[in-house]
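Quick look at what Swiss-Prot annotates:
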- C75, C80, C86, S315: [4Fe-4S] cluster 1 binding site (BINDING)
- C101, C105, C108: [4Fe-4S] cluster 2 binding site (BINDING)
- 87-304: domain 'Radical SAM core' (DOMAIN)
Amino acid sequence: MSNDLTSESKTANRAAGEKFRDADKLAHIPIKVVSSTKATMLRKPSWLRIKLPKSSERIDNIKANLRKNDLHSVCEEASCPNLSECFNHGTATFMILGDICTRRCPFCDVGHGRPLAPKSDEPKKLANSLKDMGLKYVVITSVDRDDLRDGGAQQFADCVKEIGEQAPNTKVEILVPDFRGRMDRALEILNQNPPHVFNHNMETAPRLYTKVRPGANYQWSLDLLKRFGEANPDVTTKSGLMVGLGETNEEILEVMQDLRDHGVTMLTVGQYLQPSKDHLAVERYVHPDDFAMFEREAKKMGYEHAACGPLVRSSYHADKQAAGEEVK
């Protein structure tokens, strides 16, 4: 039995809603992750220092709103380094379909296990929350839901529709999983209620997929972006990459070109940061000059907008990205 099948059967035997993280989460992935120690961890450079906010009032308000509506933010679940800045700015990336993922990507801090059934009232609660916070731009993402026949596509579509009805002035970006084995069904559903921006992250170079994205397929992800873009030519397609996982600058440039060849016009490139000692180690810290080079090359390739910087994340200042403003 393959590692994938073995891990899936072990997950199936666990109680729904039980969440596993760090070493417990990564115990059965195809390529084992060796836990880091202080001696093996690279020291963070000065340009990765994060400014802490002077006040947490805005942060507390957004967290309270999320709790009140039984919602999750990927900012919290994935331990994003920009949480304080984004929450203080009054923006958040909402994570629908629960906080338990069916996959075990070793770069990601989201918990793994058997997810609970989707909540039918989640789209309405999400729209109400947006209206309460007065957000003009929102990013909706999700865990992978390989347990669902549509991969969770209907929940995305319902959220987009509900927000359009309750908060018509709010622009919506969806950051979707790859809908493994369910692309036709998922696209048929998503095309009925398209967002303003369609985002799916490639994450890394194809050479590293078995290590970084076990269960995913490089060409499949490219095809997902291309097919949605062809069906919805007025919708911007977007993707994001991480650096520091063992790739070369040349490989990142090749992925950037592949994305352009598949119709993607918006790009983010940021530094990978290790969530815990049990996750994939950072193999290099990319200098800001290299990020500036990625941005220059992206413009040459024809990207309409590219945000490249050490702390840039896929949904970091997504409102500014969509408006074509500079993001660092």
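Placement of Cβ uses the backbone N, Cα and C atoms for every residue, glycine included.
Here the features listed in Swiss-Prot are placed on the structure.
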residue	record	Cβ neighbours (10 Å)
C86	[4Fe-4S] cluster 1 binding site	23
C101	[4Fe-4S] cluster 2 binding site	25
C105	[4Fe-4S] cluster 2 binding site	21
C108	[4Fe-4S] cluster 2 binding site	23
S315	[4Fe-4S] cluster 1 binding site	29
C105 ([4Fe-4S] cluster 2 binding site) - helix vs strand vs coil (DSSP): coil
In whole Å, note down how far the CA of S315 ([4Fe-4S] cluster 1 binding site) lies from the CA of C101 ([4Fe-4S] cluster 2 binding site). 19
Write out, in the order they occur in the sequence, the residues of the chain not among C101, C105, C108 that have a C-beta within 8 Å of the mean position of the C-beta atoms of the recorded [4Fe-4S] cluster 2 site. R103, R104, F107, D109, V110, H112, V143, D144
C108 ([4Fe-4S] cluster 2 binding site) versus S315 ([4Fe-4S] cluster 1 binding site) - Cα distance in angstrom: 15
Determine the mean pLDDT over the domain 'Radical SAM core' (87-304), rounding to the nearest whole number. 94
Roughly how many angstrom lie between the C-alpha atoms of C105 ([4Fe-4S] cluster 2 binding site) and C86 ([4Fe-4S] cluster 1 binding site)? 24
According to DSSP, does S315 ([4Fe-4S] cluster 1 binding site) sit in a helix, a strand, or coil? coil
